[in-house]
Amino acid sequence: AGRVEISLDNGETWGTICDDSFLNTEAGVVCKMLGYQRQGAIATSQFGTGLTSQKILLDDVDCRGFETNIFNCRHSTVGVNNCDHSEDVGVSCVSTPMSDAQIHLVNGTSPREGRVEVSVDGGATWGTICDDHFNNTEAGVICASLGYERGSALAKLNSYFGGGSKSQVILLDDVYCKGNETNILACQHRPVGESNCAHVEDVGVSCLSGNVSFVIARFYDKATNLRVRLVDGPTSHEGRVEVSDDGGLTWGTVCDDGFGDMEARVCTSADMNIFFCRHNGIGEENCDHNEDVGVQCRPSKCQYITSRDLI
């Protein structure tokens with residue numbers, strides 16, 4: 001990965017390429033020239049500018065994709081351009097098998113959450129993932145690849161953890177996973193580096209703590225897909241109440257309005273389900289998350305606790 005420089009005199013002098021019309025197809029030709037695969041090649045501007053003494057040798061480069069040399073592509077007359085070095089193009093070539101793509105999370109409050117960034121060149125450059133069609137199934141693949149639990153992963157959309165930098169490429173778009181993949185690149189997606197997104201759509205994930213694995217599975221009703229679990233408590237017997245009406249694909253919280261110890265007992269009963277209590281209707285509320293309800297169970301009783309008690 002780096003700024004592209006080319007020579008016409010066997011390496012005596014080197015010049016740059018202007019990024020006008022230079023896309024991933026052209027990047028693929030450069031990567032192929034260097035012995036890397038065309039697939040996954042990324043055109044980028046994040047490798048700085050050439051020296052003021054260097055010439056910009058190529059402009060308006062337009063490749064069909066099968067060329068073996070960048071000079072075989074259509075381009076302006078060598079040395080003729082309307083660019084400056086702020087437009088010098090760079091290229092990132094895939095240097096590892098796609099199945100070995102690296103992933104990390106940034107801008108989160110803990111190592112278990114953040115904006116998803118992916119590298120296909122051994123960590124030399126990092127790109128983001130667009131949130132189009134990205135949900136908890138895809139988040140689960142990310143979390144599992146990082147060593148966290150798959151089933152408790154949450155997708156965070158609309159640049160929840162901030163957008164990537166302007167120089168970063170959006171590497172993946174329209175990602176669709178079955179859920180059993182070990183790497184996000186193994187899921188269906190557009191060709192690497194192709195997207196119709198902006199960084200305001202960069203996706204993040206939250207891979208929750210080990211305590212979220214305590215899901216009250218006896219509340220899973222196959223006919224209705226209703227589930228209840230406790231999360232973020234110091235033990236598996238207490239935590240914030242989260243409920244799902246789609247079999248665990250997405251989870252929401254319960255507002256503490258009208259919620260007391262009786263409702264807490266229903267949450268942890270093998271014979272009853274909190275969904276069957278009277279309520280405003282799923283998704284209908286006038287609360288914010290500082291009113292999220294929690295439950296604390298002890299051998300003698302279960303009681304209601306506020307979200308502040310979990311901090």
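Quick reminder: no glycine exception, Cβ is built from N, Cα and C everywhere.
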Among Cys63, Cys83, which cysteine is annotated in TrEMBL as forming a disulphide with Cys73? Cys63
Candidate in Cys177, Cys207 joined to Cys187 through a disulfide, as TrEMBL lists it: Cys177
Within 10 Å of the Cβ of Cys187 (disulfide bond), how many other Cβ atoms can you find? Include all protein chains, please. 19
Provide the three-state DSSP residue tally for the domain 'SRCR' (103-208): helix first, then strand, then coil. 16 helix, 29 strand, 61 coil
For the domain 'SRCR' (1-94), the DSSP residue counts stand at 16 helix, 20 strand, 58 coil
Cys177 (disulfide bond) versus Cys63 (disulfide bond) - Cα distance in angstrom: 32
